[in-house]
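For reference, the structure is listed below as structure tokens.
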Amino acid sequence: MWTCVSLYFNADCSRSRVGCSGIKPSPSQSCDSCFFPPPPWKLRGRSRAEKGGAARFPTGRRCDVPPARSWLLLARCNIFFFPPAPDLPFAMAGAIIENMSTKKLVIGGVILLLFQAFAFMVGGLIAPSPTTAVHYLASKCVDTGKQGQETKWFMPWGPNQCDKIRNFDEAMAKKIEANDIVFAAHIPLPKKEMSPWFQFMLVILQFDIAFKMYNQIEEGAMVTLDVRLAYRDDTISEWTELAHSFEQRKLSCNLTISKTMDNEGRCYECDLLPFMEVGSVAHKYYLLNIRLPVNVRKKVNVGIGEIKDIRLVSIHQNGGFTKVWFAMKTFLTPSILIIMIWYWRRITLMNRPPVLLEKIILALGISMTFINIPVEWFSIGFNWTWMLLFGDIRQGIFYSMLLSFWIIFCGEHLMDQTERNRLSVYWKQVGPIVFGSFCLFIFDMCERGVQLTNPFYSIWATDVGTELAMAFIIVAGICACLYFLFLCFMVFQVFRNISGKRMSLPAMSKARRLHYEGLIFRFKFLMLVTLFCAAMTVIFFIISQLQVNEGHWHLGDHMVQVNSAFFTGIYGMWNLYVFAIMFLYAPSHKRYGDEQSSAQCITGDAGGNNGEDIQLTTTITHVDGPSEIYRLAGKDAQE
């Protein structure tokens with residue numbers, strides 16, 4: 001239905017009144033009436049005074065119907081008609097990224113870049129490597145008492161060390177049975193102590209198996225282990241049992257030489273086997289006693305070759321790295337929390353409910369705060385073995401939120417206006433992210449959840465578990481790469497959409513053209529930063545899953561810890577990115593008078609304003625008006 005907006009003017013071209021009505025247009029109506037698709041339209045205009053001055057009329061009345069896109073120029077009195085800042089659900093007030101001067105944005109960008117460089121330098125120059133690996137050779141102790149005596153612990157060294165043998169030939173000479181031999185390993189090495197700052201302890205097992213012509217390793221051989229773990233906090237106390245379990249590990253050994261009599265005694269090359277993982281290091285000393293029980297009738301430890309030695313590799317987090325990591329969390333938590341409260345306060349001060357993009361930015365800030373909160377400080381004084389699992393859950397929630405945010409962030413600047421501000425529009429993209437995160441959570445619960453009660457359990461111990469775990473990691477890596485490619489495609493679509501709209505810039509006034517070119521540059525730069533953060537996050541995710549070896553570079557007299565720098569740098573990057581997004585997309589506090597805003601926005605008159613203000617200041621004066629970024633990047637459903 002067409003709506004008639006009648007305009008009445010005084011003799012000097014000043015407006016007398018404006019009326020909205022539903023009168024059907026007719027050819028006989030005067031030129032003082034204009035007809036166009038149903039408003040709401042707001043009247044903004046100017047009348048040229050005799051002296052050439054510029055004047056602007058107040059905003060006119062508004063009708064409650066969807067806006068049109070085009071402008072209508074009424075010849076009489078040079079009145080411009082255009083859509084007002086409509087109270088639509090996707091409308092945003094002018095954001096800080098639109099209103100802030102280029103000088104201030106550059107200064108802010110340089111400050112963030114310096115913080116990013118500092119985050120990398122903290123890890124590379126101050127923190128040690130994230131983890132340390134210590135090798136142990138288990139001592140072969142002889143159990144001279146009754147078998148199954150669980151109260152007896154065997155120490156490999158010290159004043160109460162066990163009776164030891166050097167090899168199995170000595171055991172055969174002394175007629176010591178295999179069931180009477182206990183492999184003992186004390187963690188840490190002599191004259192050292194474990195510390196809660198180590199956070200976790202991962203132990204890997206490797207067998208030294210000698211080749212014998214008449215005692216070869218059978219295909220698919222399984223080793224049965226009777227393992228016990230004890231702890232104490234001084235050198236004179238009795239050992240307290242922490243865990244006891246019967247475990248099986250599949251041998252995967254290869255003999256690189258020919259199987260002949262001449263090569264007897266040469267060792268197989270066996271793969272490392274997962275053995276134990278403890279979620280906290282609350283005690284100073286740990287003791288491992290490992291038995292290899294033999295039962296020919298039940299075929300227990302039969303066909304596993306001649307085991308000569310058991311080697312262990314203990315991996316724990318470095319205390320120095322933990323302190324640096326905790327310090328970063330402690331510093332960044334209030335920073336993100338303060339900017340998040342400030343951001344949401346600005347949103348709530350607006351005369352409309354928050355839109356989807358604003359809600360997803362808040363959710364991103366909450367997830368970042370959740371991962372920042374340094375609850376790990378409590379692990380120094382409490383034996384919280386669930387901290388590893390809790391850390392994985394926090395990181396998983398943040399990953400899900402970050403990946404979902406990037407999809408919605410690009411989509412909200414790409415979708416047609418009729419499709420914006422609805423989470424259901426993104427179910428095809430966000431749904432797989434949520435499903436994949438849930439699958440990884442189940443996978444993590446299947447291992448670290450069980451390890452809360454049995455630290456010797458490992459999903460990698462069986463063929464099915466190994467294949468399932470490898471499938472999860474491979475699929476997760478592929479999905480991460482596909483996600484990044486899809487995000488690049490979305491950003492490309494947004495850029496192409498903006499490039500199409502730039503074709504209309506030459507027809508604008510110089511001030512307005514410079515303003516829009518500034519917005520386009522800012523938005524494109526922000527999208528490229530988003531792509532960079534996404535790429536670094538995908539690389540970090542893949543590397544953290546693969547658990548690559550520690551690396552360092554030598555720069556003169558300084559040694560740069562590459563892995564530590566990568567960890568602290570990526571963590572700092574996440575925080576800086578979230579901080580920047582919440583700051584730049586917060587509603588601007590700048591409120592201009594209607595006259596100034598209209599002069600910049602409609603006429604492009606540079607009258608009393610400097611070039612920077614005209615170029616960079618938002619054209620939106622109504623507090624509930626749509627963002628310039630939205631209007632630039634978004635397709636119009638009516639087009």
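The backbone N, Cα and C atoms fix where each Cβ goes, glycine too.
Small disclaimer: the values here were computed from a predicted structure and weren't measured.
Under the heading transmembrane segment, TrEMBL lists 105-127 (among others). Below 8 angstroms of C-beta separation, residues 97, 318, 320-321, 324-325, 328, 522, 558, 560-562, 564-569, 571-573, 576, 579-580, 583 of the same chain, each at least six residues beyond the ends of the transmembrane segment (105-127), sit close to that stretch.
As annotated by TrEMBL, domain 'Wntless GOLD' applies to 140-317.
TrEMBL lists 318-589 with the feature domain 'Wntless-like transmembrane'.
Here TrEMBL flags 324-344 (among others) as transmembrane segment.
According to TrEMBL, the transmembrane segment annotation covers 356-377 (among others).
Annotation comment: TrEMBL describes 397-414 (among others) as transmembrane segment. Counting residues 6+ beyond its ends, the transmembrane segment (397-414) has Cβ neighbours under 8 Å at 90, 356-357, 360-361, 363-364, 367-368, 370-371, 420-421, 423, 425-426, 429-430, 433-434, 437, 483, 487, 490-491, 493-494, 497, 523, 527, 530, 534, 537, 541, 574, 629-630, 633-635 in the same chain.
Counting same-chain residues at least six beyond the ends of the transmembrane segment (426-443), those with a Cβ under 8 angstroms from any Cβ of the stretch are 393, 396-397, 399-400, 403-404, 407-408, 411, 459, 468-469, 472, 476, 479, 483, 486. Feature annotation from TrEMBL assigns transmembrane segment to 426-443 (among others).
The transmembrane segment annotation in TrEMBL covers 468-498 (among others).
Here TrEMBL flags 519-544 (among others) as transmembrane segment.
As annotated by TrEMBL, transmembrane segment applies to 564-586 (among others). Panel annotation: around the transmembrane segment (564-586), residues 95-97, 100, 108, 112, 115-116, 118-124, 127-130, 321, 324-325, 328, 332, 335-336, 339-340, 342-343, 346-347, 357-358, 361, 364-365, 368, 372, 398, 402, 526, 529-530, 533, 536-537, 540, 543 of the same chain, lying at least six beyond its termini, place a Cβ under 8 Å from a Cβ of the stretch.
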### Query
Between 0 and 100, where does the mean pLDDT of the domain 'Wntless GOLD' (140-317) sit?
88
